[in-house]
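First up is the structure itself, then whatever we jot down about it.
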Amino acid sequence: MAFGDLLEQVGSTGRFQVLHVTLLCMPILMMASHNLLQNFVASVPPHHCSVHRNLSLSSLSPEQVLLLTVPQDIKNSRPERCLRYAAPQWQLLSENGTYSLKVNSTIISEWDLVCDLRSLKQMGQTIYMGGVLVGAVIFGGLSDRFGRRFLLLISNLLMAVGGTCAAFSTSFSVFCLFRFITGMALSGLGLNSFSLIVEWIPTRVRTVVGTGTGYCYTMGQLILAVVAYFIRDWRWLTLAVSVPFYITFLYSWWFLESARWLVLNRKSEQAVKNLKTVARINGRREEGDRINLEMLQDSMKKEMSCSQGSYSVVDLLRTPTMRNITICLSAVWFSTSFAYYGLSMDLQKFGVDIYLIQVIFGAVDIPAKVVVTVSMSIFGRRPSQCAALILSGVTILINILVPYEKQTVRTTLAVLGKGCLAASFNCCYLYSGELYPTIIRQNGMGWVSMMARVGAMVAPMVLLLGEAVPWLPGFIYGVAPILSGVVAIYLPETLGAPLPDTIQDLRPTVYQVENKMSDVVLSPYFPRKRGGENAIISPK
């Protein structure tokens, strides 16, 4: 690609890229804290029904009152959560039994979201993911029109303000409103950070940088576990994971707008200035001074001519090539996110300390992403994506067959499945950025991110099905990634391919076989000769 040559001239892996990528990765550290915050601010503490108000039990201790009015759960010798005696059971006092409860401050205890209101816990996470979905649509399109840098600034500010307001919410509905806003901002932050990273680095380091970005999210999961362990109050915890975005907002003014985007949006003068700034930071001032407006326009004449006009989500389905890519990626992103959050958002079901299981779930991403990085570099993006999805589905389905009492085995299989899904996420972020051309990359990334959020929205609701059929959520979470792993076979390979700038840069996905007897269309992944020995295969 012509822009790749210009980037090499001013320095493609110099000080600018190192500083640029590092600063863009810092807010990604805190993204996991908001995505998985519900595990801690909405953890369900031990609870029980309140005592009858018309009874006078003031002479008794709270433990004795609880013993008289709330029955004991036979399985764990703790108070029943949603049952109470019709009348005090005075005879139980002679048994000298007591209950001891220690409750953390969560939104569940704050607004009594238990028993008949327990579904509101999952609804809260669904509303947050709904914000992420809306943000993917809004910020994806706006950043293609107004630029990556501008939308990144807005996203950082909204993350900080929305999170702060959520921490001081006076009701559950207000809390959900600001969580929705935070979700919108998080989507814009992720999309624009990724685009600014990809569009300022060369092809040869995209895999490594993409994986490094994924590790920032992994470290964020570990940071969340540590912060949540020491900050048990949900308000202070929400505030603690939101304040750092004020800092990222301030230094985001330093970022340079993508030169690719500037050229393709008829702002070549600013693109030349940005390239010269990169050359100066990388110690290549002389090479940067050689770049002028004529050189830039001449080298990207093809891309500029092809980028005339505005592009929308409709263009993702306009050509056969784009249609194939968009449909397959939609399935991959939906199922990956659906199964990922289905496993990650209900840590209490494993019967292990939620802080410990959060650390384990976060730590498994490290080896998983190492393996998938090596696999993407050696075997390619497509086989790596397919394998990660299918393996995750298989482990989830096997987990259904393990008895509930064997918590260690169930947790181990869940951790393996979550690791495969983390590898799938790492792969599809890089893969999608390489498949979509620059002129509609944000629209494309916004669309697939929206599909991922649809999956994340549906995932908590599926958990509610477990109250009627315990094995059904696991079955659904397992089948979805297996099916999408099969669909991913039809995506084109991008290993070593240049980053496309226009739709015309995409390689054809179908081939036409022409001869005197027949015209047929075949897939390039399984080409075969038909219609006679003299058949000629040529791009359609």
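Even glycines carry a Cβ here, placed using N, Cα and C.
Note that TrEMBL annotation is computational and uncurated.
Residues or ranges marked as domain 'Major facilitator superfamily (MFS) profile' in TrEMBL: 27-496.
The annotation transmembrane segment is assigned in TrEMBL to 126-143 (among others). Distant neighbours of the transmembrane segment (126-143): 34, 38, 150-151, 155, 176, 179-188, 191-192, 195, 312-313, 341, 442-443, 445-447, 449-450, 452-454, 456-457, 460-461; these residues of the same chain sit at least 6 beyond its ends, with a Cβ under 8 Å from one of its Cβ atoms.
What TrEMBL records for 150-174 (among others) is transmembrane segment. Listed as Cβ neighbours of the transmembrane segment (150-174) (distance under 8 Å, sequence separation of 6 or more from its ends, same chain) are residues 27, 34, 107, 111, 113, 120, 124, 139, 142-143, 181-182, 184-189, 192-193, 196, 235-236, 238-239, 241-243, 245-246, 248-249, 252-253, 255.
Residues 4, 7-8, 12-13, 16-17, 20-21, 24-25, 27-28, 31, 34-35, 127-136, 138-140, 143, 148-149, 151-152, 154-159, 161-163, 165-166, 209-210, 213, 242, 255-256, 258-261, 278, 429, 433, 438, 441-442, 445-446, 449, 453, 499 of the same chain lie 6+ residues outside the transmembrane segment (180-202) yet bring a C-beta within less than 8 angstroms of a C-beta in it. Look at TrEMBL and you will find 180-202 (among others) tagged as transmembrane segment.
The transmembrane segment feature in TrEMBL is assigned to 214-231 (among others).
Sequence-distant neighbours of the transmembrane segment (237-256) (same chain, 6+ residues past either end, Cβ-Cβ under 8 Å): 20, 23-24, 26-27, 30, 33-34, 37, 40-41, 149, 152-153, 156-157, 159-160, 162-164, 166-167, 182, 196, 200, 224, 227-228, 231, 274, 277-278. The transmembrane segment annotation in TrEMBL covers 237-256 (among others).
Cβ atoms under 8 Å from those of the transmembrane segment (325-343) belong to residues 35, 125, 129, 316-317, 361, 385, 389, 392-393, 396, 414, 417-418, 421-422, 424-425, 428, 431-432, 435-436, 444, 447-449, 451-456, 458-460, 462-463, 473, 476-478, 480-481, 483-484, 487-488, 490-492, 506, 509 of the same chain, restricted to positions at least 6 beyond its ends. Positions annotated as transmembrane segment by TrEMBL: 325-343 (among others).
Residues of the same chain lying 6 or more positions beyond the ends of the transmembrane segment (355-379) and with a Cβ under 8 Å from any Cβ of it are 32, 36, 39, 207-208, 211, 214-215, 217-222, 224-225, 228-229, 343-344, 347, 387-388, 411, 415-416, 418-420, 422-424, 426-427, 430, 495. Annotated transmembrane segment per TrEMBL: 355-379 (among others), in sequence order.
Annotation source TrEMBL lists transmembrane segment at 386-404 (among others).
For 410-432 (among others), the entry in TrEMBL reads transmembrane segment.
For the transmembrane segment (444-465), the list of distant contacts is 119, 122-123, 125-126, 129-130, 132-133, 136-137, 139-141, 187, 190-191, 194-195, 313, 316, 325-326, 329-330, 332-342, 345-346, 428, 432-433, 435-436, 472-473, 476-477, 480: same-chain residues at least six beyond its ends, Cβ to Cβ under 8 Å. Marked as transmembrane segment by TrEMBL: 444-465 (among others).
For the transmembrane segment (471-491), the list of distant contacts is 324-325, 327-329, 331-332, 334-336, 338-339, 342-343, 381-382, 385-390, 392-397, 399-400, 421, 424, 431, 435, 455, 459, 462-463, 465, 523, 525: same-chain residues at least six beyond its ends, Cβ to Cβ under 8 Å. Under the heading transmembrane segment, TrEMBL lists 471-491 (among others).
Long-range contacts of the transmembrane segment (386-404) within its own chain (CB-CB distance under 8 A, at least 6 residues past either end) are made by residues 332, 335-336, 339, 343, 372, 375, 410, 413-414, 416-418, 420-421, 423-424, 427, 471, 474-475, 477-486, 488-489.
Panel annotation: around the transmembrane segment (214-231), residues 25-26, 28-33, 36-37, 39-40, 237, 240-241, 355, 358-359, 361-363, 365-366, 369, 422, 425-426, 429 of the same chain, lying at least six beyond its termini, place a Cβ under 8 Å from a Cβ of the stretch.
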